[in-house]
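So the structure is just underneath, and the comments pick up after that.
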Number of protein chains: 4
Amino acid sequence: MSHNSFGHLFRVTSWGESHGPAIGGVVDGCPAGLSLGEADIQPFLDRRRPGQSKYVTQRQEPDQVRILSGVFEGLTTGTPIAFMIENQDQRSKDYGDIANTFRPGHADLAYHLKYGVRDYRGGGRSSARETAIRVAAGAIARKVLGDGVRVRGAMVQMGADRIDRARFDFAQLEQNPFFCPDPSSVDRWEELLAATRKSGSSLGAIIEVVAEGVPVGLGAPLYAKLDADIAGALMSINAVKAVEIGEGFASAALTGEQNADEMRMGPDGEVEFLSNHAGGILGGISTGQPVVARFVVKPTSSILTPRQSVDRFGHEVDVLTKGRHDPCVGLRAVPVGEAMLACVLADHLLRHRAQNPDAPTRPRLPRN
Amino acid sequence: MSHNSFGHLFRVTSWGESHGPAIGGVVDGCPAGLSLGEADIQPFLDRRRPGQSKYVTQRQEPDQVRILSGVFEGLTTGTPIAFMIENQDQRSKDYGDIANTFRPGHADLAYHLKYGVRDYRGGGRSSARETAIRVAAGAIARKVLGDGVRVRGAMVQMGADRIDRARFDFAQLEQNPFFCPDPSSVDRWEELLAATRKSGSSLGAIIEVVAEGVPVGLGAPLYAKLDADIAGALMSINAVKAVEIGEGFASAALTGEQNADEMRMGPDGEVEFLSNHAGGILGGISTGQPVVARFVVKPTSSILTPRQSVDRFGHEVDVLTKGRHDPCVGLRAVPVGEAMLACVLADHLLRHRAQNPDAPTRPRLPRN
Amino acid sequence: MSHNSFGHLFRVTSWGESHGPAIGGVVDGCPAGLSLGEADIQPFLDRRRPGQSKYVTQRQEPDQVRILSGVFEGLTTGTPIAFMIENQDQRSKDYGDIANTFRPGHADLAYHLKYGVRDYRGGGRSSARETAIRVAAGAIARKVLGDGVRVRGAMVQMGADRIDRARFDFAQLEQNPFFCPDPSSVDRWEELLAATRKSGSSLGAIIEVVAEGVPVGLGAPLYAKLDADIAGALMSINAVKAVEIGEGFASAALTGEQNADEMRMGPDGEVEFLSNHAGGILGGISTGQPVVARFVVKPTSSILTPRQSVDRFGHEVDVLTKGRHDPCVGLRAVPVGEAMLACVLADHLLRHRAQNPDAPTRPRLPRN
Amino acid sequence: MSHNSFGHLFRVTSWGESHGPAIGGVVDGCPAGLSLGEADIQPFLDRRRPGQSKYVTQRQEPDQVRILSGVFEGLTTGTPIAFMIENQDQRSKDYGDIANTFRPGHADLAYHLKYGVRDYRGGGRSSARETAIRVAAGAIARKVLGDGVRVRGAMVQMGADRIDRARFDFAQLEQNPFFCPDPSSVDRWEELLAATRKSGSSLGAIIEVVAEGVPVGLGAPLYAKLDADIAGALMSINAVKAVEIGEGFASAALTGEQNADEMRMGPDGEVEFLSNHAGGILGGISTGQPVVARFVVKPTSSILTPRQSVDRFGHEVDVLTKGRHDPCVGLRAVPVGEAMLACVLADHLLRHRAQNPDAPTRPRLPRN
């Protein structure tokens, strides 16, 4: 069962609400002997942190992570790694409206009917604040994967405006506040976001995450497929409504000839694929090519325009969301998507190792 | 852990290879006292069965399901329900080529490197034949959901040709061999499929599955989100490369105003949503609206055109796939998608009931 | 997977080392709407706390629990309940010996070989300090079980000295520092323990835990049997080496006639059992009688007498354990055993409710 | 969740009732490339099979196992291994009494109240017949463990008559029909059993299972302790009421000095333990010594003496059990206990390998 955990051998349990004293997580199953400290986690949290640019929520949180267990003299011990981030900027305000009113596009009504009780302050458990835990867990997952595996993400569409794929360059990511890999899109996105913020509206976004150096063999033929677990993990992020691997939905319009990734032998005995429509996963198992996934983050419903809704007393009301919010929550989802992909890969790496300890890590064939 | 199981409280374990003596499954956790017999399962298997029209593989399998446990005098007993389908048409042939050659777009190479050993006959474990087990499990899941929940699927795109949504009508499904809900698309699809079959090529497809009458409250805010489990379940079907809920990827191009589903009070005290962009799930929890999901089935790589590949000895070879195959495997995926959705809903219904036994099933509010 | 978690629907995850900054836990799956605060947990921790009498370790820990999530305005919200206890009395000392030497009867050698790294300070992860987490989780489990279920424990044997069962009286428990239910044993135990402490030796103990008011129907016929989960849970406590239910090992010497618990109809339509050899569980399922389990806590190996051992360099050495320790660790195991039993029952209560929502809670039969 | 499954990485799912068409199981997670056929499983089933001597039930079942998946050309493929045993001797008889009457000492009443429906024929799901599935799974587990690990069991007490441990000799096991390791006990047990059978009564038994050659390092410090999983697995066997590891309950009466297993360096750099009170497990982790566990099988309640009970209509009745039954069901539990121990060890071997791939298998230390 996994109400608030994910993964099996690399297992993450998350807890905490937006306006409680803290949020935190426990990583269970991390192998012993890995070098780990707060300094390995903090940079990833800093990338996700709100309040850094005018484009994201102005909540001011230092998001300082503290490791509470599982590390001794700088090395993981094989016991559970607990970490915690204190909530500091829980702006006190009158939550009366939110307490009784159900915001359209949010889960307020469903939570109310399911649980009877809910912590409505700042979204409670469903606040995007929780994604900091995923990012911290992802930093630990990267340690498990090792330096040979590189997991990166980028925003490839803001609103209806998609990047020019021919210009995709990961090196551009740090040059702009949008995790945008195409420099030709940056100015347009800036204008778009400014206009959206001004109008109190919001935008959706599409994020692409890529893992390079993934060993061949992670996953299983059915059910515990690597792509099924990636899909579940990315869809578990707040506001995500779709996930695709490799060619994804576009593969419907391809023929079998176009979609099949042909293979040749490389000079060093490693199989070379001539394309990567499959996104690095075939039959549920990694091929050794880069694993490529995309997901959409819907436009947040926290907007300034009044929308029709109801309250807990069965009254019809109009709702608008004041206060600090993101016009494009997809922006902060890039490090989160990376982290989830890293966690799934770490989990499957351990699972693969348990069952197939002698399997090769690269797609090499004996040449003769 | 779940190499070949899915679900938690309604838990399905699947086994079997395409050319072994049989395939089968075990459903564990089904409540006692439900009326169940082979006649409840067989019609769903018959819908999925190959060899029924010229559009699908001509493998002749009666696919007769046999219940082996968990049912007594026509009622489920609360103990595991095992069922089995014998393989009959395992056409004997020389598999020499397939044994040593890795087909592009298939998992042959990855399986070889991961396991060392693989049952290459007819795709072995990764054959679409296994989906019969999902369909059978789905029939049992429907019993758990009860008559109030209706799960149906349709093919909404074949190749690049999408239906006209304005004409979507589930009543049309049984009028054509394509599970096509739009009568105006049928003739075009027939031509497209005939041409594809003739050329030995293949087509992808997009399937939509819809569950009506879903109780409000299924799911959880994070991780064990209903949509995350649906995404994982649908992505675990053979050849699926993408999943979306409600508006899905298209939500990127919507504004928050457009995407938020507004609410009014219905005459009977039930909340009425003015739209369903969310696909019936908000914050990971069902809202009581229809749950809507779509997935893509890639074009099969089993095609007659030779493609470049390698064999297990590191030789470069050309591969083409002879024998019986489907030009559009998406056709048979419609009942499979329905079944997976039904299984996920049944699992979450039990989970919800455990934690919230007194929660309402419909989104009603006290009126005053 | 469950390296550091237990339970399924009432799921507890534990973390922390003896000499780290804190220990803590996460309870996931607790139903919403239960009244819960730190004051509900603290009294149980206080019963387990070291430093209270001269008979237990003199480590001074206030063991103040702090709830960090999952509770809002005094009610559980259905989201994970995280709690934490800070470590305060981590007496700084030279651990050089312990770091390199493997104490007989402890897991030092096995941990060293398994993990390579271990936090040897105060036993690290395997310190009895972790049992505070179990006690806190047990307090939450009691809330799930409700007032109708009463879980209590007693020490029924210290060293070789067993109580007189005819004098068993739970009301005596709080009258002595040994959780001893037989007043005639207290003076003897006091002498025994004093002598043991003086000699630097240690004693084992047998604990009995009893749950009254358990609903009929918890458990499952095989594998997920209530008794199997109780056995696993109690055996997971530090230093426990055996578990029995009801008559336990003594049932070997009974005949079938003696061991079968006969039944009669009570005046109110409830079945009355004439004996409880089964310990309240038959065929893996609770009968409605009191659930009775016993477990042994071995004598701690932390003693003052030198014992032969080896160090990590392969040298033969003599080891003796200085510092604060318990002559009878079983004393503090009583609240821990209660807590584990409560957690297992809460988990099975939720599981039972999911599958059999309409089952009766008491063994009543229609009378006619 | 695990209503009818056990293990995590070596995961067994069991199904079937005593009088249904068949019983069966699925082993998921078995590594690929192991040599496996029905001939590897059948001998273990034959040891457990009823009808072999006058001391066990005369039900005649060939218990022929059939592997249905997961094996190709004599090697495991890494996919689920399904196997099935047909039920043949379901003696047709009038079950009218059993259907409505609750046998004392059986779970009839609890099942009736929990599920409402139950397959009462021959005990249904809770029949000892199901243990054949455990034995078959155990045979596969032995393959995973390899030839270096030897798992054997013996009956060490029948009724109140315990063997002379000084005479314990595994070589004696096959010389008598009681799995008795002490030749001096055989004649007494024969008389005891004959008298018990004649009087229509029944006897309990204590079984000891031992695994030699277990690698050091299996298990985890807390919760996923090797001994906790063994306890849960053995207690999940029908009619088992107690489990102990190593010294078990007797450790209560030992001092810490007596109970701690001292260590010396062996001539080859391997640590030698001077005793094995711990039963091969310290702090939840295997030490490399033999793993030793014992469990009790209660005297069956299927006896010829009438006992007081009730029926489903609330009537008070007398019950006696006619038909074929075992006077000492413990006899057939020996191969079952071995199998469960083998399964737990196989599961933990895979788990250990996932997290600690480079850990040594024997307790060797660098000597200098």
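Cβ coordinates come from backbone N, Cα and C, glycine included.
Residues or ranges marked as NADP(+) binding site in TrEMBL: C:Arg48, C:Lys54. Classification of C:Arg48 (NADP(+) binding site) by DSSP places it within a helix.
Annotated FMN binding site per TrEMBL: C:Arg125, C:Ser126, C:Ser127, C:Asn238, C:Ala239, C:Gly283, C:Lys298, C:Pro299, C:Thr300, C:Ser301, C:Ser302, C:Arg324, in sequence order. Under the three-state DSSP scheme, C:Ala239 (FMN binding site) falls in the coil class.
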Problem - Between C:Arg48 (NADP(+) binding site) and C:Ser127 (FMN binding site): CA-CA distance (Å) - result: 14
Practice task
Check C:Ser302 (FMN binding site) against DSSP and tell me helix, strand or coil, would you?
Solution key: coil
Fill in the blank from the handout: The answer, for which of the binding-site residues C:Ser127, C:Ser302 has its Cβ ringed by the most other Cβ atoms inside 10 Å, is C:Ser302
Practice task
Work through the binding-site residues one by one (C:Arg48, C:Arg125, C:Lys298) and point out the residue whose CB has the fewest other CB atoms within 10 angstroms.
Solution key: C:Arg48
Problem - Neighbour tally for C:Ala239 (FMN binding site), based on other Cβ positions within 10 Å of its Cβ - result: 23
Handout entry: Cβ neighbour count within 10 Å of C:Thr300 (FMN binding site)
Key = 25
Fill in the blank from the handout: Hits for chain D proximity (Cβ under 8 Å) within binding-site residues C:Arg48, C:Ser127, C:Ala239 read none
Exercise for the section: Taking chain A as the partner, extract the binding-site residues from C:Arg48, C:Arg125, C:Ala239, C:Lys298 whose Cβ is under 8 Å from a partner Cβ; order them by sequence and answer 'none' if none remain. Expected result: C:Arg125
Handout entry: Rounded distance in angstrom between the Cα atoms of C:Lys298 (FMN binding site) and C:Arg48 (NADP(+) binding site)
Key = 18
Practice task
May I ask for the distance between C:Ser302 (FMN binding site) and C:Arg48 (NADP(+) binding site), taken between their Cα atoms and rounded to an integer number of Å?
Solution key: 19
